[in-house]
Amino acid sequence: MSTGAFYISSLLEKMTSSDKDFRFMATSDLMSELQKDSIQLDEDSERKVVRTLLRLLEDRSGEVQNLAVKCLGPLVGKVKEYQVENIVDTLCANMRSDKEQLRDIAGIGLKTVLSELPPAATGSGLAINVCRKITGQLTSAIAQQEDVAVQLEALDILSDMLSRLGAPLGTFHASLLHCLLPQLSSPRLAVRKRTVVALGHLAAACSTDLFVELADHLVDRLPGPRAPASPAAIRTLIQCLGSVGRQAGHRLGAHLDRLVPMVEEFCNLDDDELRESCLQAFEAFLRKCPKEMDPHVPNVTSLCLQYMKHDPNYDHDSDDEEQMETEDSEFSEQESEDEYSDDDDMSWKVRRAAAKCMAALISSRPDLLPDFHCTLAPALIRRFKEREENVKADIFGAYIMLLRHTRPPKGWLEAVEEPTQTGRNLNMLRAQVPLVIKALQRQLKDRNVRTRQGCFNLFTELAGVLPGSLAEHMAVLVSGIVFSLADYSSSSTIRMDALAFLQGLLGTEPAEAFHPHLPTLLPPVMACVADPFYKVAAEALLVLQELVRTLWPLDRPRLLDPEPYVGEMSTATLARLRATDLDQEVKERAISCVGHLVGHLGDRLGDDLEPTLMLLLDRLRNEITRLPAVKALTLVAMSPLRLDLQPILAEALPILASFLRKNQRALRLATLAALDALAQSQGLGLPPPAVRTVLTELPALVSENDMHVAQLAVDFLTTVTQTQPSSLVEVSGPVLGELLQLLHSPLLPAGVLAATEGFLQALVGTRPPCVEYSELISLLTAPVYNQVGDGGPGLHKQVFHSLARCVAALSAACPQEAAGTASRLVCDAKSPHSSTGVKVLAFLSLAEVGQVAGPGPQRELKTVLLEALGSPSEDVRAAAAYALGRVGAGNLPDFLPFLLAQIEAQPRRQYLLLHALREALGAAQPDNLKPYVEDVWALLFQRCESPEEGTRCVVAECIGKLVFVNPPYLLPRFRKQLAAGQPYTRSTVITAVKFLISDQPHSIDPLLKSFIAEFMESLQDPDLNVRRATLTFFNSAVHNKPSLVRDLLDDILPLLYQETKIRRDLIREVEMGPFKHTVDDGLDVRKAAFECMYSLLESCLGQLDMCEFLNHVEDGLKDHYDIRMLTFIMLARLATLCPAPVLQRVDRLIEPLRATCTAKVKAGSVKQELEKQEELKRSAMRAVAALLTNPEVRKSPTVADFSAQIRSNPELTTLFESIQKDTASGPSTDSMELS
């Protein structure tokens, strides 16, 4: 016998002792053993442990009984399945015992065992088998009405089982339903309540037929509002409807037209508890079935408005109320103390249910926001005076919900011609602000902490939606903030909330609004800085930092004299900084606050400046505070006050140098930023020995291992080169070696390249230059020029562009050398002995040098570039076209007419010449292009009918770039082309519009927005190519600048959805030898339409009717391979973004996924077909996994059946598990770049 088994055996022996203390201690020790993962029981030990624990459930000592029942939980996972079933059988038998205590223990035991059973999703069948075993016994226990205690315990356990394992118990659902329905008529309220809960869980998991039976039963049992019926019976049925609505509301949609009018009638009966249940049912219906509730919204809104003010036992005299608001705060507090209170008054529950229902109404119907602002908002504001704390919190919550839905979407763009709906909503909200202030003015000083917290939350949300709207009411807000900051009799939470609100306010309101109130506001903030509770102090330091940053900004003249305040702020902050026993958060906030104080007001610190800097230096030496200290030092160094930092530089620089060796990325990044700021601000004041110490650490940081670190290192090198070039002598060689190696990386980010260009220019810009121009050019070009043979360019294409940019940067820094460089490049480009790589680099360098130093030898250059367009190397041809355009942009009078003439004269080279024109149009200044607009416009539109799609695409891009030259003149001309042009011309014009859209704000946006509706009419064009181009343009707008199209979606979406449908007239059969091949000409258009739908999910979710949207997603799940892949990804996103509508139709959505996952590949399929099918399965299973993250989805019988099918199929199980691991290990890769 092992040591563990022997120990268990000795415990079991003590558990049978006659001494209850022995039994208790032994059972406690067994509990500890069972909780260990390492414990292993043999079969004999299992049997003995189970038998002994079950016997102890009947122990005379209640303490021993309670401990024994707790042991059952960990025991379940340590014994075999038949032992668990033995435990369950015994507990079920004990449930029917005559002894009340034993029945109670058995009930607790069953709940404990059920809670510890492994979920069905893990593949274990234990939970299902155990539940099936006890369901029948629970049913009979519920049906026997002799003992109510047994009934209640059985109903509790049944509810727990159904909530966890509803669907797998499908065979029992009918018997459970028929057992539970009669209990709705039980004379015992507790039985009825537990039955309502159980039926709610059953409704979520049962079959459609049983659900219909349940719904019909509830509807049929509800009497007419005037028919005689027991109020208790009606309340129970309405509560049951509410429970079903909360648990399975997505299945109630089809029954709502019958249910809602009846519930409305009952809501008007004089029974507050019934009214509460009716309103709770409406809330569930609105949240789960917003589409089906649409016809009933006006009536529900009316009921909410009526019952939100339902307070029959209290007289709210509005005239008195207004008069009271003018009284002083002492009278206000007296009135607050005399609040009405009546324990028998239930009307507050009705008001709370109405407020919650109103919040559900707002969140489920954002499309009705204008109506809500007219009807709900004033009513909510009037009810801010609510006397019941819980109700008031829900009223605040409903108004906050309205604010959140009014918040403009990201990237919102107001139209110039007419305000959008978003703008009108904001205007309506702006008109409400004075009313909100008036309603909450007294409440900001309410005795009740929760009320004040609600006010702060509401104002924070309001300031976020309408920045600047609270400025004229600052006196009221400051008064309320100060009141809470000085409230030491309540929890410190209210001070933290007040501070957080003040910090947010400083970020949204203009600084001038705070100036008159600073003498009042600053003392309580200073007191909070010194607060002994670390969270209050940390929050206060953050506020102080924001005060300094906002009231004395560095980019504008000071409008407020800091002299009266700077001493007090400095003293309070330094006191916190000097303390050594502080919480880490307070230390970091104090350091940051000092950084802002010195950076913004250092010139007013006088003699306190040097001690403050020394304190910062001291924190720099401390490992715990060094990162915030580095950031604070950066703030100080970057300050335009140009403070004298000499007292700390000699010691600080070596410390900073040591940080560059630390294996802490955040510290290295912050240190490099600090060093660069110091070098820029202090320049020659930096001690050269200390600078050299820092520089020796830099070569190791210029590496592609971390591009961001490399960029900051190069930026610092540039600054040092400009301020102390002599310090660079020793490290310039190693640094250049690393930098040139970095330039050979094909993944070089634009920021690193720009930093490198700046550094190279700094090297040759010093007098004398740190490194000679010719030497740097040789170093840059050596890897290309020294390449042996001509096996192609050798290096990655991107590397050539990087090297060319650096050559151009050097030429710009040394204008006297540029002409010679250009001549050498032309010679290299035309030399027959030059390799492909040399020619590519020469042309790309000429393109860049031409931009900064002129085009060099004109006639010869044109000839060389034209000849290169006929090169056998594709890389050389592309580089020459690029160079022709870029060089031409620098000398339009000479090059552009020449380029246009060549396009006319050389149709065979048209594609390359159009690429050159595109580069010229993109690189030239718009004003310089104006004289050539008409010629270029005419030439481009002559080529819109090219049969080559690639050519038409380049033409479209050229047209787009040309429009930027004079948008008001050229953009309207698109109308004529769209109306009169041929199909190819129309598609080219629409494609050109796509190139007018960027993800950054642009001056053309308002003008473009006014034309979008006309462009989108092309979705009705008879030509497929035009419709596809329109969808591509629309997708680009939705992805990059959704504000352009948001307000047009009502008109666009029906046309978009039309394009997702399969058109049989576009499907044809093509004979290929003995085989027939099906071609779907509409596939590309459908695919473009589904890509638009995906983009809409990311940026315009609030404008979509999700039920209609899902109809088309459902169709896409059965479409072509490419479209199914798109819709699987969409469905995975929808499962997260819109769980409620997805849940409503999950039974229909899961079938196409099941069909894909279980599809068999045809015999003899080629490898490509096998791979496509495998990827399709994987994508479908990802969608399944995303759906299953919603616990409500798992309750669906169809989903439960498919889950069981996955678990029973080893191949599907492996696939599902691998997807779950991928999801757990990192973010999903199922994102699409559709721009």
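Glycine is treated like the rest: Cβ placed from N, Cα and C.
The following features are taken from Swiss-Prot:
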type	residues	note
REPEAT	2-39	repeat 'HEAT 1'
MOD_RES	Ser2	N-acetylserine
REPEAT	44-81	repeat 'HEAT 2'
REPEAT	83-119	repeat 'HEAT 3'
REPEAT	171-208	repeat 'HEAT 5'
REPEAT	210-246	repeat 'HEAT 6'
REGION	314-345	region 'Disordered'
COMPBIAS	317-345	compositional bias 'Acidic residues'
REPEAT	326-367	repeat 'HEAT 8'
REPEAT	516-553	repeat 'HEAT 11'
REPEAT	564-603	repeat 'HEAT 12'
REPEAT	607-644	repeat 'HEAT 13'
REPEAT	730-769	repeat 'HEAT 16'
REPEAT	771-812	repeat 'HEAT 17'
REPEAT	1104-1140	repeat 'HEAT 24'
Restricting to the same chain and to residues at least six past its boundaries, which positions have a Cβ under 8 Å from a Cβ of the repeat 'HEAT 17' (771-812)?
732, 736, 740, 743-748, 753, 756-758, 760-761, 763-764, 818, 821-822, 835-838, 840-841, 844-845, 847-849, 851-853, 873, 875, 879
With helix taken as DSSP H, G or I, strand as E or B and everything else coil, how many residues of the repeat 'HEAT 1' (2-39) land in each class?
28 helix, 0 strand, 10 coil
DSSP helix, strand and coil counts for the repeat 'HEAT 5' (171-208)?
33 helix, 0 strand, 5 coil
Beyond the flanks of the repeat 'HEAT 1' (2-39) by at least 6 residues, Cβ under 8 Å:
45, 48-49, 52-53, 55-56, 59-61, 63-64, 67-68, 70-71, 74-75, 78
May I have the DSSP-based helix, strand and coil counts for the residues of the repeat 'HEAT 17' (771-812)?
29 helix, 0 strand, 13 coil
Counting only residues 6 or more past its boundaries, what in the same chain has a CB within less than 8 Å of a CB in the repeat 'HEAT 13' (607-644)?
554, 570, 574, 577-578, 584, 587-588, 591-592, 594-600, 651-652, 655-656, 659, 664, 666-667, 670-671, 673-674, 677-678, 680-682
Restricting attention to the repeat 'HEAT 11' (516-553), give the mean pLDDT.
94
Short question: which residues 6 or more past the ends of the repeat 'HEAT 3' (83-119) have a Cβ under 8 Å from it?
46-47, 50, 54, 57-58, 62, 65-66, 69-70, 72-77, 126-127, 129-131, 133-134, 137-138, 141, 149-150, 153-154, 156-157, 160-161, 164
